[in-house]
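Now, the feature entries from TrEMBL:
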DOMAIN    46-447  domain 'Cation/H+ exchanger transmembrane'
TRANSMEM  34-51  transmembrane segment
TRANSMEM  58-77  transmembrane segment
TRANSMEM  97-114  transmembrane segment
TRANSMEM  126-149  transmembrane segment
TRANSMEM  155-177  transmembrane segment
TRANSMEM  229-248  transmembrane segment
TRANSMEM  255-273  transmembrane segment
TRANSMEM  279-299  transmembrane segment
TRANSMEM  311-331  transmembrane segment
TRANSMEM  351-374  transmembrane segment
TRANSMEM  386-404  transmembrane segment
TRANSMEM  424-450  transmembrane segment
């Protein structure tokens, strides 16, 4: 009788489960995720179209849209139908999955688009900010959280949140710099520092995360862990770069496969590093992208290079749109669903703003301590650029995902309370919101205030002369219309008064390279511009020779890097692209003596300063 009862019970359980499954499947239909995907892209397209020509950063607008969507879904008590179901499904996405889906593509696109010679010049500055800078920031924020905030957290818990908030998000920073059109030098420093900073901050986060969960580390084990995680990631990135570039060498004239390979290898490298080897997936993909920028750029020729550029630009746009809208949804969901925080900690909002101030102060300390070295290394750094470097320390989806990982662990851990996990999400979401809204929306104003968004005198002169030439050609074409008998008798002077552009030829426009310069006394700005234009023409000729098969890829890489390095020095030295080539060339002894007078001089200059 008892056995029959058990079977009946099992049967009833199955019946009840099967009867309730349609309701649950209707409530959480996986296909609802597609609705959010399409809605986000549609809103992103409309937002970009509306904001074109305005000063509002695209990423800031996306975050606001995401917060509005999350607040609307929560405020209507989940009554938005399948749209609301899609929003909730994405809002509860696994944080590790969030990073694994979006980060590889965004990191590869950003690092692959950087200029190799600029990376070399700025590497010391990047390492300084991403290494000691992250440690200084973590210590500053950890001390503030432990000594000032009233939550009685342990030192490891305070340093965990401090390390988490030290991760300046490359996704947010790169998107902002592209919107604002910052100078290439400053963009390279900030973008490279943000990429490396993100990787090292995650490594520091993983260290304190393990310590919070009960693992013990001494100084030797800490150094060993940091070294293995960092150098291991670099090794994996280089290994995948070498293997995929060798594979590209066997692919001939198939752009689709070449582009697909770059996408596949970025995700495989991230998974192998993060999940397989237990090292930093961010550093692995960043290394992979920089390796491609240094070695594989010439592997894509002609239309293939244009297709690759447009493909990765589209991937980055779609990923940025989704990740910023999703970040806004997660922030709204985390804040609105954490009402108990405000009952137990009534001053949580006040401490959030205080934490924002400490985040800015820690960034100021990092840049201030590093400033003497930042001025010395690479391209140097003046106080205006240091100001932008401080203010552009945005936080984004990376820090938010790490806080969600802590929240998920706190729900089932004896080492982290659920309340602490909720506070982590609240504070991190608030800092992401404040840095993007306040810093992100005012960076362009600060650039304008510091007069860093103005054209140089040489560019202004070239722009004015180009405008003058275009207007003069238009006026000549308009004059030719008067000789056209087919148009019949027309009052051309009256017609001209209705064409505003033809009435703006007043004033004198001089040729940007003309002047008044006598003999060899050339204006330094003109001289620099002449050199750069000549070197750009030389580099274009190298690309043409590569496309025609007259030089090998390795030769093209060496030649183009020598031109890039010469462009960097064009303002201070005469044409010196030979400096980057003289150690790569060897001449037969039969050619050295008779041809020595035809070779460039020892100082490596093809033209002397007065002859450029």
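Each Cβ is built from the backbone N, Cα and C atoms, and glycine gets one as well.
Model, not experiment: these values are computed from the prediction.
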Item to check | Of 58-77, 97-114, 279-299, 351-374, 424-450, whichever stretch has the most CB pairs under 8 A to the transmembrane segment (126-149) | outcome: 351-374
Item to check | Two-stretch contact, the transmembrane segment (97-114) and the transmembrane segment (255-273), at least three Cβ pairs under 8 Å | outcome: yes
Next on the checklist: Pairs of Cβ atoms less than 8 Å apart decide it: which stretch in 34-51, 255-273, 279-299, 351-374 has the most with the transmembrane segment (229-248)?
Outcome noted: 279-299
Item to check | Contacting positions for the transmembrane segment (311-331) when only residues 6+ beyond its ends and CB under 8 Å are counted | outcome: 37, 40-41, 43-44, 58-59, 62-70, 73, 87, 90-91, 93, 98, 102, 105-106, 108-110, 112-113, 171-172, 175, 259, 262-263, 396-397, 400, 404, 429-430, 432-433
Checklist entry - the transmembrane segment (351-374) and the transmembrane segment (279-299): do they have three or more Cβ pairs under 8 Å, with pairs 6 or more apart in sequence? => result no
Checklist entry - When you check the transmembrane segment (351-374) against the transmembrane segment (255-273), do you get at least 3 Cβ pairs under 8 Å, counting only pairs 6 or more apart in sequence? => result no
Next on the checklist: Quick test of the contact rule: Cβ under 8 Å, at least six residues beyond the ends. What residues does that give for the transmembrane segment (58-77)?
Outcome noted: 43-44, 47-48, 51, 83-84, 87-88, 91, 172, 175-176, 179, 320-321, 324-333, 336-337, 432-433, 436-437, 440-441
